[in-house]
Each structure stands twice: as structure tokens, then as C-alpha cells.
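As recorded in TrEMBL, the features of this protein are as follows:
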type	residues	note
TRANSMEM	A:6-26	transmembrane segment
TRANSMEM	A:33-51	transmembrane segment
TRANSMEM	A:57-77	transmembrane segment
TRANSMEM	A:89-109	transmembrane segment
TRANSMEM	A:144-162	transmembrane segment
TRANSMEM	A:174-198	transmembrane segment
TRANSMEM	A:204-223	transmembrane segment
TRANSMEM	A:230-249	transmembrane segment
TRANSMEM	A:255-275	transmembrane segment
């Protein structure tokens, strides 16, 4: 049963992250996901200090606000200080993350959080934190329920806003010309990334979130030329990585999050070499057959 | 030679646009007539693209206002379409030709609505108009420059707007595409649409446009082509940059040369 919950957790995180990641990588903003996943830390700590509990809702709000603040700061530095986009990202998130670390270390005695947990998470503990009804019936892990709700929200967001997200990603100038607000959809997308990040961070950690945001979409990009198919493939790849990563970790007796991230990397490498459309090896083969 | 028209479709009043506090367009005051094929012409860096982007409110303006169909822009979005420069998007994007053309319908569809059969039909019809119906399922990364331009044009046509802004639609396209596009633009004008085109080739300008706007940071001229494309105004626009230009202007005026050999 534990294996089931852990794999389900991984798959839910993989689903939200890879769906949003498809939009991020096509907007050339993959690293904004990285930035948000780190920069939400002070938001989480501040929310904790205000409420004194590790309730999900205040933390989601605190982290969500910080996530949006991060994207706003990145835009601000890029546009008004005229720093390069990647430099603006680098400055913003390291700075916010560092503030979060200081907050944690200063209030270490009172805060039930630590840096390792934020970075690497502990997916293996997911099945321990169960929701138990008054009748004593176990409803399954708290994290799984939360992630299921978040996945549903993200799925709904993408289904309902598909047209606008697709258009503002492909051609923002045309979108603006026909009256679709590009900044509204930009901030909605970033809000969704913040929500996903904070909902996933305590179970899988920031690094696996970044891996899921970038690797499955990048792999899917190599495998298809159709955007909807790309969304589907990246979810599938993320889920496969959760399965394979879990059993790899069991076999190696190592970190589950680490193993899952490793599998996403291996998937990318395989797609890079063998993709029917973009694969390096396939292309060479095709050239050879033409040559002979 | 700045001619103002009555009942203009586009009215630009005292428009100033700056990048980084440096003005690139200065005090533009112009009106454009309905049902005209308008060329916006000027040297590199004259602010031609900036002008049409500012007309569509895609850029922050320092002063002035734009009214289209005598209304603020926000109320007439559905009647405006835009063909951006081809290089402005990533053509390796995972989308088919049809996906891109269908985007022209998104504005009318509104939030949460999915494209219906009528929208698919309109997109297909637009593709037929540009002669690309056989490419509907083609990946956009496999298109040539001219085909990319036709796809962009089809997307604008699918919208069935009343006014079209086009940024350098003839840049880097083959001659067959250029001919096809100009024929289409004339057809649109004959249907009463207004088409505003940023153009850089002086030679073809007199042949293509009914109305010409000469621009070099300031508005040099705006009026019917035959009144505007003369040596004096061209020199004012291009400055002393090219002596060749005065010759071109001369030749154009005398009509010794056709603007382009007809095929």
C-alpha cells in the first residue's frame, strides 16, 4: 500500500508539473519554474510564523503570494532595470531563497521545517500522514488528497484556458492585438506554477519539482509536433518516471525523489537519441539510407 | 503634405512613443480613409512598426490617442486584425498550419468556448484564399518563408475583421507569394476593408498602395499615393542618405519604369 501512495503522489506532482512545464518551456521560461520553486520558501516560513501551524491553506496562500511576487520582480528587473532575463531570474530567486533560509535558521526552534526537506522533500513519509475519520477509517494520506485537488485545479485551468494559453504562448503580440490580455494569462500561469510548487514541495522537494517542470515537457517536445499530444506525452512520461523511479530507489535502497528525477533524465536522453522526428540516431540513419 | 480625411477609420492624434525616454515617434497626427490600401513607408529605424503597434495599443504611448472607427480601441478589438512580422514567433512551435489559422477565431469565441464547426470552416476558407488548403495538417516548422507569411495572412483573414495591420508582409517572401498577397490585399480593399501595410520597398510602393504615409520619426506626409510619392517628399523622408533615391523618385514620377515587371 505504501508503494501505491508514494507512486500516486509522484504521479500527481508529475501531472501538474509537466502540464504547466509544456507552456513554460515553449515560452522559454523553464527557469522561472526553478525560481518560483525556490523563492516560495520565505512565503511558507512567514505563513507558518503567522499561523503557528503547518496547515495547508495558509502555506498555499503565503507561497502563492511569494510566487507571484517572484515573477513580478523578475519582470520588473528585466524590463525596468534592463538586466538580462536570466540574470534577473538568478538574482531574484537566490535572494528570496536565502531570506527563507535565514528565517528558518533564526526561528529554527519554533519552526518545524528544514532546508533539506525543502530541497529534497521526503516522499517516503507521505503514507505516514493519514487522514483518519472520526470513525477511525483511514482516508489515505493528507498529501495525496491535497495534490489531487491541485491536479484537478490545474487540469481545469488548462482545459478552460487552453485557447488563451496556447495563443499567448505562441504569439503574444497577435493575442494582444485581438484583445486577449497577455499579462493576465502570464500571471495566471505563474500563479498556477506557484500553487503546484508549494503543494508538491513538502512531499517531493524543489529539485524534483524542477525536474518534472522541465524534463518531461522537453522530452515530449522531441517526440511530437502537436501541442495537445505534447501535453499528453509529458504527463505519461512523468507518471512512468514515478513508477520506474520508485522501484529503482527500492532496488538501490536510495532516495526516491533522486531516483525519479534520474529516470526523467534518462527518458530525455532516450528521446534525444531515438526520437522518430528529432532523434540524433534516427536522423543519421535516414541520411544514410538516402545516401545509398 | 498631410491630408486629413473626413470620417476616418483610423484617427491618430498627437501620438508620441518613446523607448527608454528617447522618442521614436514624435507628434504624429494622421487620419486614414476607409477602404484604402495604405502603405507606411520610411527608412530603417523610422518607427514604421512602432506606429502600427502603437495604433493597436501594443506599446505604451507617451502622449496622444488613437481612435478606430471613431471609438476607443477596446470597443473594436473584434474588428481589428494584425499580421505581425514573420520573425516575431518561434516557427518550431509544436503546432500545425490549421492550429495557427484557427487562432484568428479566438478573439470572437471569447473565454471558455471551444472552436466549433463554423470556426473550422472559416479557417479552412481562409487557407483556401491564400492557396494553402493542402497544407492544413502540415507542421509549421516545415514551411518556407513565403508559406509562413501566407499562414499568417490566413489567420488574419479567418478573423474576418474590418481593418488589418500588417508588418512587413512582403519581407523575405518569394515573388509568387508577393503577387498572391498583393492580389489578396486588393480584393480585401475592394470588399471595403482597410489594409495598413508597413513596407520598405519604394519601387513597388506606387504600384501597390492607394494611400501612402511617409514616416521618419515625424510624419512627413500622408495622402493619396500620386500626390505623396514625389522627389521632394521622399528626400524629406530619407534625408540625404541616398542620392540614388532622388533618381528613383524621378523615375517613379515619370512612370518610365513599371514598379515591378508584371509576370
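Each residue, glycine too, has its Cβ placed from N, Cα and C.
Unlike curated entries, TrEMBL annotations are predicted automatically.
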Chain residues in Cβ proximity to the transmembrane segment (A:144-162) (below 8 Å; excluding those fewer than six residues from its ends, i.e. six or more beyond): 5, 8-9, 12-13, 15-16, 19-20, 56, 126, 131, 185, 188, 192, 195-196, 199-200, 203, 231
Considering the transmembrane segment (A:57-77), which listed stretch of A:6-26, A:89-109, A:174-198, A:230-249 counts the most C-beta pairs under 8 Å: A:174-198
Chain residues in Cβ proximity to the transmembrane segment (A:6-26) (below 8 Å; excluding those fewer than six residues from its ends, i.e. six or more beyond): 32-33, 123-124, 126-127, 141, 143-144, 147-148, 150-151, 154-155, 158, 165, 169-170, 189, 192-193, 196, 199-200, 203-204, 208-209, 212-214, 216-218, 220-221, 227, 230-231, 234-235, 237-239, 241-243, 245-246, 256, 260
Positions on the same chain near the transmembrane segment (A:174-198), where near means CB under 8 A and six or more residues out: 13, 16-17, 20, 23-24, 32-33, 36-37, 40, 43-44, 59-60, 63-64, 66-68, 70-71, 150, 153-154, 157, 161, 164-165, 167-168, 206, 209, 213
Contacting positions for the transmembrane segment (A:204-223) when only residues 6+ beyond its ends and CB under 8 Å are counted: 9-10, 13-14, 17-18, 20-22, 24-26, 30, 33-34, 37-38, 117-123, 193, 196-197, 229-231, 233-235, 237-238, 241, 257, 260-261, 264-265, 267-268, 271-272, 275-279
